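**Q** Handing you a structure now.
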Amino acid sequence: MCGIVGYVGPRPSQDILLAGLARLEYRGYDSAGIAVIDDAGDLGMRKKAGKLAVLRDSLADAALPDGSTGIGHTRWATHGGPTDVNAHPHLADDGKLAVIHNGIIENFSALRAELADAGVTFLSETDTEVAAALLGQEYRRTGDLATAFQAVVNRLEGAFTLLAMHQDQPGLVVGARRNSPLVIGLGEGENFLGSDVAAFVEHTRNALAIGQDQIVAITPSAVTVTDFEGNAVEAQPFEVSWDAAAAEKGGWSSFMAKEVAEQPEAVANTIRGRVQEGQVIIPELEGLDSLFLGIDRVIITACGTASYAALVGKYAIEQWARVPVDVELAHEFRYRDPVIGDDTLVISISQSGETMDTLMAVKYARERGARTLSVCNTQGATIPRESDAVVYTHAGPEVAVASTKAFSAQITALLLLGLHMGRVRGTHVDATAEVAELQSLPDKVSWVLKNEQEHVSQLAGWMADTRSVLFLGRHVGYPIALEGALKLKEISYIHAEGFAAGELKHGPIALIEAGQPVFVLVPSPRHSALIHSKVVSNIQEIRARGARVIVVAEEGDAAVLPFADEVIRIPLAGALFEPLLAVVPLQIFAMALATAKGLDVDQPRNLAKSVTVE
Ligand code: F6R
């Protein structure tokens, strides 16, 4: 949600800002704007409701004088609708100062009332304009942007990334963060700020991560970071491991299509470097055995798709590390009084590493003394920095709003983590067979993509008018049923539900009527003849009531044939590894159905890639 970019350097900034905002589009937004201090020293600003193209058209119709200090913003509306006026930047000090913001300023009503009493009139309904007005006031009092900025951030409550510049101090952009993302890009004679590295990765891969409650000031030649009291702090340098091309669509019809196809690579990259002599040893966790010893419970917390990866992780960690695992939606976790303490390990999963609900759950867990580990895809993100340890998924940048390759990489990382924990805890010391399974996965995922893409896409094409689809699974097939339903809902806007197949007779079977499409994820009979036979019985039950049954089953499973309208095949894999194969046809199905309906699969309505507000 909301994309932020800042630039100071020798080059005209408008194209840099617009390109940065384009790279942040994936985060989700409904208006966009830029402000630039031009070469004459005047601050110009343009902002428009709608997509970046609307802003670009406006700039093409009436140019904004260019200059080499600028800030840009894409806004996902919270306070006030997506209008030109509510879009950022917001101006103060008679239009000489510009502010952009991501997050929610929780005390904005009180501040707004105070400013209104002091005679300030507001143009927008946003909380951001309040921060801008406060900054204007402080600037007039102090005459220095950095000093004024420090005073203002100390008055704000809530979550925010804030960037500001003043026309009387060209060549300077200041920023601050509290619970919202901000990273610094270090160039040669130029510097950048961004919500994430995508904002500047085409210019530099040298970055600095800044911590909570810190302020940064960038000029073309210097970067200074302080805490909110003004004490110098050291920012953590890191090199961005992917290049700009990785976040390009290339020849693909959509980012989602590209990312679905990249799954073999995402899985392989997540495994790489973590297997030694047939055992799983995660180098980032070396010296951190104490995280896993003496614990009596694991809680995995996450939202959405990541929470379904967590459910698969539960099965893996319980099986190999022999410790009870609960999966908790992050937004439910801290609003009760969970039983956690220093013998609890809280694992968070987040592609973006910025999901506010998950971040708050991690902070809450730490406050309560729990040990924390995050599984994350984004370097420099907040959640890993708030955790005792991190296991990165190496899926590369995920741009499409609907998560696909990050999900596969999360499951892979959790399988690795389960085996790592099993070795450390002495509960599963020989992982030779599982390592072989893991290493065969990339080829098996490729097999599904190669052999089932056309079949599943055709099926989706025939079903474009479908109004509701159900998904059933058992064991690790259950989270995949949930994920299949979520993918379909979010990009094709079709009603979809995932159920544990065993729940069917406890209610959901009432939904079955003639022609109702139901995907059934059938586990291999080799793992458990009992579970397999139960699922086959479920298929018969829904078939008898007129359902149109689409089965995802391993190659050679003939038992499903008499009862299935369609069979989608996946290769043979170990029980805990099957989810990585079974999810692929469901992703393809959702994508093909949305495409058949003429929808934008990369940017579905109302959704943001990074949910940075609660
Ligand atoms: C669905 C989807 C979301 C995210 C969720 C958590 O396709 O992408 O459900 O999984 O918002 O996001 P992260 O993983 O960034 O914390």
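Placement of Cβ uses the backbone N, Cα and C atoms for every residue, glycine included.
Annotations per TrEMBL:
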type	residues	note
DOMAIN	2-221	domain 'Glutamine amidotransferase type-2'
ACT_SITE	Cys2	active site, nucleophile
DOMAIN	288-427	domain 'SIS'
DOMAIN	459-604	domain 'SIS'
ACT_SITE	Lys609	active site, for Fru-6P isomerization activity
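Please situate the listed features within the shown structure.
**A** Mean pLDDT of the predicted structure over the domain 'Glutamine amidotransferase type-2' (2-221): 95.
Counting only same-chain residues at least 6 apart in sequence, those with a Cβ under 8 Å from the Cβ of Cys2 (active site, nucleophile) are Arg27, Tyr29, His73, Thr74, Arg75, Trp76, His101, Asn102, Gly103, Thr161, Ser195, Thr612.
DSSP gives Lys609 (active site, for Fru-6P isomerization activity) a coil state; it is part of no helix or strand. Counted within 10 Å of its Cβ, the other Cβ atoms near Lys609 (active site, for Fru-6P isomerization activity) come to 25, all protein chains included.
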**Q** Count the residues of the domain 'SIS' (288-427) that DSSP assigns to helix (H, G, I), to strand (E, B) and to coil, and report the three numbers in that order.
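**A** Its residues divide into 62 helix, 28 strand, 50 coil.
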